[in-house]
Amino acid sequence: MVKKVVSDLELKDKKVLVRADFNVPMKDGNITNDNRIVEALPTIKYIIEQGGKVILFSHLGKVKTEEDKANLSLQPVANRLSELLDKEVQFVAETRGEKLESAINALQPGDVLLFENTRFEDVDGKKESKNDAELGKYWASLGDVFVNDAFGTAHREHASNVGVATHLDTAAGFLMEKEIKFIGGVVENPERPFVAILGGAKVSDKIGVIENLLEVADKVLIGGGMAYTFLKAQGKEIGHSLLEEDKIDLAKDLMERGKDKLVLPIDAKVTKEFSNDGEIEAVAIDHIPADLQSLDIGPKTVELFGKELEGAKTVVWNGPMGVFEMSNFAKGTVGVCKAIAELKGATTIIGGGDSAAAAMDLGFADKFTHISTGGGASLEYLEGKELPGIKSISDK
């Protein structure tokens, strides 16, 4: 199914509604990482060049109370966007009403307007998050065409993506197009050998992803806290490392299904306390003492994973290999990140979330083919699910 892209739309003199993903991390009213804003620029600039009137909207955080509203305004995003575009971005501190409508009606071709956090509509009854039909229809009435560029919420059925799309000719923005191409391509038609690396704390978060990737990938390497549930299922002693007791049978079943594909750690970095300062040693995976816990994969596992990656043509990485926020337990994540970044001739994709943060912190971001902007959306896409935000984009 080929979806419409923004370049398929007639934009001149049109009011172009753009659902962006400006759900950026904030501290004390300041944006701490503007990557999602930067990723939206190609679509916005294209509409400006084509003589469209840009009407941007997005959610930011979870809004349940009036106090949340005070802390989660999109005003700082408008300011940052204005700097990045080097032009005025008009901010309207409302999600509906006369002030917003007259500001939109006064727009000239090439103008840019951002209105307030869509989740302000959740305070009195979750209208945005429950895809309230009236709200979707109202927002749609503000524009002539709709561009959905918010991959980060593509797995949600909200008024601001699916609701609006019900009423208008809808196209993917360039970021959404890129996500469909890379993440969708991995699931549907990867170049082989295809190696997936999964980390993070819990098996329960990634059951669907593991199941689907065992079908489509040639190898699935498992690190992070979730590896210990698999190791326990093999009968190994894991000390007091993270364990999901109720997922041991599932882990056995997955290992049975993926016996030639699943690769688990062979050594671990262990310590007594959940702290960066204790005594640390690297031990073989079947020698974790009862009073210790593993907080990272060991050097031999980094080497093993590096060997498994050799010659890969497609690599997807989702989730850190250890507690990478603590410097002494970041080496596994750093090692894997380096190994992927140094591959020649491979399509390398990071599936958002903590792995993306790790790659950026380490300065490897530009070494990857694609870093997804969607954590949950990437995971659900990798599960092989049809995402409502993508489904609702018009077909070509």
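Just so it is clear, glycine is given a Cβ too, placed from its N, Cα and C backbone atoms.
Look at R119 (substrate binding site): DSSP puts it in a helix. Taking Cβ-Cβ distances under 8 Å and a sequence separation of 6 or more, the neighbours of R119 (substrate binding site) in its chain are H59, L60, G61, K62, V63, L72, E128, S129. If you look up Swiss-Prot, you'll see D21, F22, N23, R36, H59, L60, G61, K62, R119, R156 marked as substrate binding site, on the strength of sequence analysis.
The ATP binding site annotation in Swiss-Prot covers K206, E325, G352, G353, D354, S355. Around the Cβ of D354 (ATP binding site), the number of neighbouring Cβ atoms within 10 Å comes to 19.
Considering only the residues assigned to substrate binding, D21, F22, N23, R36, H59, L60, G61, K62, R119, R156, the longest pairwise Cα distance works out to 18 Å. N23 (substrate binding site) sits 13 Å from G353 (ATP binding site), taking the Cα positions as reference. In the three-state DSSP scheme, D354 (ATP binding site) falls into the helix class. Spatially close to E325 (ATP binding site) yet at least six residues away along the chain is no residue at all, judged by Cβ distances under 8 angstroms.
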